[in-house]
Each structure stands twice: as structure tokens, then as C-alpha cells.
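Below: one structure, written as C-alpha cells.
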Amino acid sequence: MRAARALLPLLLQACWTAAQDEPETPRAVAFQDCPVDLFFVLDTSESVALRLKPYGALVDKVKSFTKRFIDNLRDRYYRCDRNLVWNAGALHYSDEVEIIQGLTRMPGGRDALKSSVDAVKYFGKGTYTDCAIKKGLEQLLVGGSHLKENKYLIVVTDGHPLEGYKEPCGGLEDAVNEAKHLGVKVFSVAITPDHLEPRLSIIATDHTYRRNFTAADWGQSRDAEEAISQTIDTIVDMIKNNVEQVCCSFECQPARGPPGLRGDPGFEGERGKPGLPGEKGEAGDPGRPGDLGPVGYQGMKGEKGSRGEKGSRGPKGYKGEKGKRGIDGVDGVKGEMGYPGLPGCKGSPGFDGIQGPPGPKGDPGAFGLKGEKGEPGADGEAGRPGSSGPSGDEGQPGEPGPPGEKGEAGDEGNPGPDGAPGERGGPGERGPRGTPGTRGPRGDPGEAGPQGDQGREGPVGVPGDPGEAGPIGPKGYRGDEGPPGSEGARGAPGPAGPPGDPGLMGERGEDGPAGNGTEGFPGFPGYPGNRGAPGINGTKGYPGLKGDEGEAGDPGDDNNDIAPRGVKGAKGYRGPEGPQGPPGHQGPPGPDECEILDIIMKMCSCCECKCGPIDLLFVLDSSESIGLQNFEIAKDFVVKVIDRLSRDELVKFEPGQSYAGVVQYSHSQMQEHVSLRSPSIRNVQELKEAIKSLQWMAGGTFTGEALQYTRDQLLPPSPNNRIALVITDGRSDTQRDTTPLNVLCSPGIQVVSVGIKDVFDFIPGSDQLNVISCQGLAPSQGRPGLSLVKENYAELLEDAFLKNVTAQICIDKKCPDYTCPITFSSPADITILLDGSASVGSHNFDTTKRFAKRLAERFLTAGRTDPAHDVRVAVVQYSGTGQQRPERASLQFLQNYTALASAVDAMDFINDATDVNDALGYVTRFYREASSGAAKKRLLLFSDGNSQGATPAAIEKAVQEAQRAGIEIFVVVVGRQVNEPHIRVLVTGKTAEYDVAYGESHLFRVPSYQALLRGVFHQTVSRKVALG
């Protein structure tokens, strides 16, 4: 025994030493542990990855949220002697799902899980949330604990897209319903802003698992950080509370301790809530029949009756009142004057005019024959009434009338005297229980008893209060008609009726005794007597004078009978030949060559400018950030552009002519195209149907790779004009797509980029759009294109934008040349002399300057038979005496159109008097000093013939002085208020005679200043000035 006691300390020391030598192992999950399986599902699709620059910044915030959440997964001890422990894992997804790390025990695997999350590279493609949720469920069920009540998913997403493509794993609702069926709770956490709340609400198990949870926000504000921290704390607390109810239920608690001492009696409880409604009672006795119901509703409209007979024509209506004066409309913009049309054919003979008014009254005719005897005259009118006859005797009294109706009931009588007092009644029944009294004051607290054990799970609570009344339901249908009621009680007597009609007149009574009254007044005249016999006819009177002419009678009936055609007369003899008439005036010359070419251009349809043949390619961004609705609008835009080119620009999309194709793209190796070269497409109609059938891809954005695909597949070498129209949001994933965006740029291709805001309302990236459209490249590297930016996709379908796009596509039209070219065969110095007087006006002077610039451009760009022949132009403004601009010192002939146009634009309107003679002398001196002898000298003068103090003789002298200097004068006249004699002298230099042929080639007339800029007038003037 003593030996055993001595050996015991040695054995204990050996065991302790052996235990210290064993390697340390991770703590195993004890029986009393309560494990929780938590799995993160992270969205790294395009709508998240490419929303912020630099691309992937929002994904980094999602990863930061996940790592912060993992740091908050700490064990907890419950009072039921159980420990909450965590198992966590994560995956990320786009249109594919990748497991970051499976379920790992915390805290031992915390660092490894955080490192794996930090190493995630975003996919940046489509969004298959249903597949990701089902993959997360698989990880929870296969690798998790045995408690299915403690399994949670945290889905971090922006909810995009809302619609547009079929999710391949059964859809989002199917995945969420599967999670509910398996008992897995799903939290939905938003990536704000621009998240789709409806989709997030579908993902969450119920509204308590959604709330306003946020994983990442754009701003770095304090509020945003607090919202993210609050999201993590709220989710962790909800899980801990739920787990406590699961792991600390009554079945899982350890053995209970001994019962405690009986406590003091509690205070009287408050009055309980009303009990539940009792069972429905038996049906009561039937009530008495109701009163007669109200009049029923109007019945349904009957069928349409047969058509009635035609009514008689109504009377002619009165003339209506004069209407009120309407509101003055807005003045419309005056349109441009149209080109004069060709003379029309001779019209058909007109209809007969309206019959003229009746002529004046004719002279009275001769007396007619004696008339026949007239008929007897009409009866005469009644005579005056005769005197009144004597009054009649008094009649006998009449018989009594029938008895009257029963009178109304009388008023109630006064109350009678009080009766004798009755006997004392017996005791009444017991009354209802009174209301309880007010609660007494609270007593002093007793001594605190020992702390009791945790109570059991309480019973099921009483039902809650009934909810608020629902909304009023729709009006019910009309019920069946009730049975007729019983006959009512007799009503009170009605009011007295009106007095009856007077009775019949009684028979005449006997004559009474003679009266003794005074004689009455004479009676009224009696009624007229009968008509007397006709008297003897008088002697016949003399005939009266003829009456005035009566009014014209109504026109007789039309005579529709065709009169027989008369016999054709014999042909007459030919008359003698008349003398020869004098020669007519010389007619105006016919239209010149420029006007003839203009008429041909207007009349001939084959003269229209033709667009094409062209090779037209559309490249459509079909990524997730575009959205389904915007992609559908882009397809409609393509179809409308093709229709407009076919209809308005007469482009023929058929083999051997023009070609069209469409490419839609998303991420890497995800491109699709349809074109007229496809084997299944035979014509442009089938091409449009194929475009409408394209399905939205909803993936990432690899624009460079798509443009390379377009160049390789759809842009072979071709002699046609090649145009590529790229529609995108300008946010290509250039970090992973290394293909340059200017891959389409080449001298033979024109690229137009259209940037439009995406579903997140982000402004398109102008830097990428400029690169796509070949901006800033040398001509040898590529043809500069065009970059356009729009607010939204709906603007693509606006009429103005469609016109601009078709105009840009057909910018290189092939048009016939009807410009009426001019050629100079010798050197020429031309001066354009503008009228700057007050009668012209500032606005008209600006129009004249624009016309002068057109003429100058035609002169300076005209062809020359010899390149050594110089054509020089000067523009001068004149007004009163000594008022010519520019001054002589600065006036010179110019050959550079840009310099000349700048000088014309800088001219200020003088706005003073008019002195044509002084202006002619100024120009004549200028030609003598600045013009060479070999050059043709031409002067184009603007004038209305009115000049200050000028006479025909003075004008003739100034013009002849210019002609002696070799100057040929051409005159432009605007308007109708002109001095015609002075104009003729300015053109010919002669006051005696006027050469019409010479005048027609040197005088130009227009009705207004606006007409200077219409049509080909500037071509006509410049051609005649050049030919001389």
C-alpha cells in the first residue's frame, strides 16, 4: 500500500511530461459546439467591374467588404453552455462561377480565406446569379455541418440585369425557392448606387434579410463607411440571435438544477384582452316582409331598331351669328422662292360664267284690249253691334247638389285624469357586473430572491390584434328582387277636394210681383242683323290706265330636247390676201447656258446625285452595361438607316452594288455577325429580319477585339466607299483586351463612333471614342472619321439625327457637273462696285457682300487657257461724293480668295447719299494706275439709276470716260423702283439710242436682294462677265 502511494506521484509526473512532448493540434469541434455555415457569393460581372475607373475598383471594394466581414466572425458562448463557431467560404461569378475557397473553420482558416479573396480577378462578363446561388447551396450542403437551420448565403450584387436573356440555371426565383426549401437563409447585399432593388428583394429570403444592406459605395465619405459597418454588424447579430434559438432550445439544454424557493405572490395582473369570437349562432326567426323596394335600375339597352322612314325636309335654318375673331396665328417663316417652272400646256376652255343681273326696266307698252266683266265682289265685313235688349226674368231656385265628402278628422282631445297608483313590484333581476375599480398603489419591493435558471421556452402567444380594415371592395352585383310586401295600413284622410262644378240651370220660375225700381240704363247694342239683299248693279265704268310691268315670273322647265342640227352652209370664196404687217419688236434673248443646265438638272431624274456603291458596316455594343431596351433601339436604328439609304439616297443593297452588315459583340471570342454575304440571306429584306432577330449577349466589353473581327470578316478589299458605324458606351475593358481600338483606321475606311450613356447614366468615354474614329492620325495612317455623343439611345431614332447620319454616309456623292464652268482666255482685272447708299439698307448690303464673295470665288477659281494669265479681283463700296471704300491708298487687285473674303467681311455699311458719277471716276482712275495694258478690264456695278444731282448727259460723260480707258461695264439692278433712262445710259453710254442685244448681255435684273443668292444667278452673271 505504501509502495503504491509512493509510485503515484512518479506516474503523474511521467504522464505530464509525455503530454508536454505531444505536438499541438487544432481544437476539435466539441459536442456542445453550435456550428454556423456561411458562404459569400460575390458578383464580379461587367456591370460591377467596369462601372468605375480604373476598371475593377468596385470589385476591390467588394473584396474589402468580404474581408472585413470575415474579421467579424468571432466565436460566442451561449448561456445554455454551447459555443457558436463559424465555417466560412466564398465564390465569385459572372457568366461562370469560380470557387474562391470552400467552407473553412474559423478562426484557423481566416487568413487563408482572406488571401484567397484578395487574389480574385474579376470576370467582367454577363451575370448568372441563379447559377451562383445554386453553386453556393451545393457548397453549404456538401461541406457544411449537420445543422441545416444554421446555413446562410450572403449574395453581394447590384441586381443587374433586370431582363433581357434567359438565365441558364432555371432563373433567379427558382434558385431562391430551392434555398428556402432547403432551409438556407439568403441575405442580399447591394453594390450601390444604381442597383436594382426588385432583383435584390427576390434574392433575399424575406424583407428582414434585405433591409438596406450595402457592401460598397462610390464615395469614401464617413456615412458610406458607417453604412458598410452597420451592414456587417446587423447581419452578424441576426445570425447570432437565430442560432441561439436553434442551439439553445429545450431539447438541447443540459440537466436542470434543483428547484428554487417559492417566490412571493405577484401583483394582480392587468385586465386581459377580449376573448376570441364565439361560434356562429343558429339562424333567427324570419323577419317580417320588407317594404316595397326602390325602383329597379335601368335595363340594358335594347337591340338596334329598324331604320325609320325618311322624314320630311325641315325648314331652312336661319343664318348663324357672325363668329368671333380668331386668335392671330404665328407668322410662318417665309420660304425660299422656288425656281421658275416651265410654261404649262394650254388650259381647257372655262365654264360659262354666272348669269348677269336683270336689265333696266323697259318703256311702258301700248294700252291693251278692253277687259272682260269682273266677278262679284267678296262679302262685306260685319256691321256694328245693335242695342242691347231688355233683361230677362229671374229664374227659379235650382235643385240641391249631391252631398259633400267626409271632412278631416278632428284634433286629439285633452288627456284624462291620472289613474289610481298600482301595487309595489317584486325585486328585479341581478344586474350586470360592474367595471373593476382602479388599480391600487404599488407595494414596497420585497427582498431579492436567488437568481433562477433560464426559463423554458414560453408557450405560443395569444393571437395578435385584428389587423386594420382592408380597402373597400368593388360594388357588388344587384341582388334579386325581394317578395312583395303586405298591404300597408290605411292612410290618414287627404285634404279637402276642390269645390264641385255648378249644377244644372233650374226651370224658369213664375213671374214675381211688379217691382218699384227706377228705370235702368239703356242696354248695349245688339248683334248685327242678317245681310240684306244685293242692290242693283251700277253703270259700267271706263277702263283704267295700264298698270306697271309685273315682276318676272319663275323660269320655265328646262328643255332637254336636242334641237336638230341645221344644214351646213356652202364654203365661201377665199378672200384677198392682206398687206404684210410691220416687223415686231425684237424679243429678249433666250436662256443662257447656265440657266439651261439648271433646267435640265431640275427636270431630269437621272441628273440626281448618287450615293454609292458603298460597303456599310454597323458594330453594336451588346455588353451588359448597354441593357436590353437600348440594344433593341440600336437594332431599330440600323434598320431605319438602311431603309433611308434605300429610299432617299437610292442605294441598292444587292450583289454587285452596295453591301451592308452588322456585328454585335461582348467579351472575348463573343462576336456575331449577319450580312448580305451570309449564305442564308438573299436580299436586304432578309437582312433586316436577321438584324431584328439578334439576341442581347449581356457580357463584358472587348471593343478592340470586335473591331479586329469586323476588319477580318466583313471588310475585304473593295473599290466601294467603306464606312463603319460603331455604337458603344466608350468603356471597353482595355486592361484585358489589348487589341488597339484604332484597328479599323486606314485610308480607305471612314469610321464614325457614336457614344451613348449606358444604363447607369455614365457619360461615354470620349478618349476611346476619338481613338475608334481615327482622330489625330496622319492622312497616311487613316482617314479622319467622326465622333458623336448622345444622351440616350432614344436620340438615335430622331429624324434629324437619321438625316445627319445618312448625309455623313453619303458625303462622297457622285453628282453630274452642272456648275456652268467659266474659262478666261486672257488676263483679267475685275472690279465689283457695291452700292452702300441709305436706300439699300444694312441687311440688303450684307446680302450684296455675300453675292460679291460668290462671284469672286468663281472668278479666282476659274479655268485659264494659259496658266500665265492672271485673274485679279477688287471689291469697292461707294455712296456719296468722295465716299469710296477702301481708300485709294489701300485699294488693290487680289488673287487670294481668303484675303479678299476677309476684306469684304470687314466692310462697314456707309449709309449715305448716292453719287454714281463720282464712283465711276474713282474706278476709272484706279484702273489707269493699277491695271496692266494686256488685261481685260471689267466693272460690275450695282445701281438703281438714282444718283445725287445726276443727269443723263452727266452719266453719259462718266461712262464714256470709263470706256475710253478700256473698261467694259456690267450693271446689276435690284427691285422695281429704278430710274430706267439712267440705267440705259449706264449700260450703253448713250442717251440717244439703246441697243437691246447689248443690254441683255450687260444688264442683269432681279426682283429683290434675296434673289441674288437663289438658283444659278451668280453663275449666269460670272459667265457673262468672263466672256465679255
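From the backbone N, Cα and C atoms, a Cβ is placed for every residue, glycine too.
Summarising the annotation, Swiss-Prot assigns signal peptide to 1-19.
Look at Swiss-Prot and you will find ASN212 (among others) tagged as N-linked glycosylation site. ASN212 (N-linked glycosylation site) falls outside any helix or strand according to DSSP and counts as coil. Counting only same-chain residues at least 6 apart in sequence, those with a Cβ under 8 Å from the Cβ of ASN212 (N-linked glycosylation site) are ALA190, ALA227.
Feature annotation from Swiss-Prot assigns region 'Disordered' to 254-590.
The feature compositional bias 'Basic and acidic residues' is assigned by Swiss-Prot to 268-285 (among others).
Per Swiss-Prot, the feature compositional bias 'Basic and acidic residues' maps to 301-334 (among others).
Here Swiss-Prot flags 384-394 (among others) as compositional bias 'Low complexity'.
Residues or ranges marked as compositional bias 'Low complexity' in Swiss-Prot: 457-471 (among others).
Swiss-Prot lists 483-493 (among others) with the feature compositional bias 'Low complexity'.
The annotation N-linked glycosylation site is assigned in Swiss-Prot to ASN516 (among others).
Around ASN537 (N-linked glycosylation site), no same-chain residue at least 6 positions away in sequence has a Cβ under 8 Å from its Cβ. In the three-state DSSP reading, ASN537 (N-linked glycosylation site) counts as coil. Per Swiss-Prot, N-linked glycosylation site is recorded for ASN537 (among others), and the stated evidence type is sequence analysis.
What Swiss-Prot records for 550-560 is compositional bias 'Acidic residues'.
Positions annotated as compositional bias 'Pro residues' by Swiss-Prot: 579-590.
Per Swiss-Prot, domain 'VWFA 2' is recorded for 615-805, and the stated evidence type is sequence analysis.
Residues annotated as N-linked glycosylation site in Swiss-Prot: ASN804 (among others). Around ASN804 (N-linked glycosylation site), there are no C-beta neighbours below 8 angstroms that are at least 6 residues distant in the chain.
Sequence annotations record features per position, and here Swiss-Prot assigns domain 'VWFA 3' to 829-1021.
Neighbour density for ASN896 (N-linked glycosylation site): within 10 A of its CB lie 10 other CB atoms from the protein chains shown. Reduced to three states, the DSSP call for ASN896 (N-linked glycosylation site) is coil. Among the features that Swiss-Prot reports, N-linked glycosylation site is placed at ASN896 (among others).
Within the model, the domain 'VWFA 2' (615-805) carries an average pLDDT of 89.
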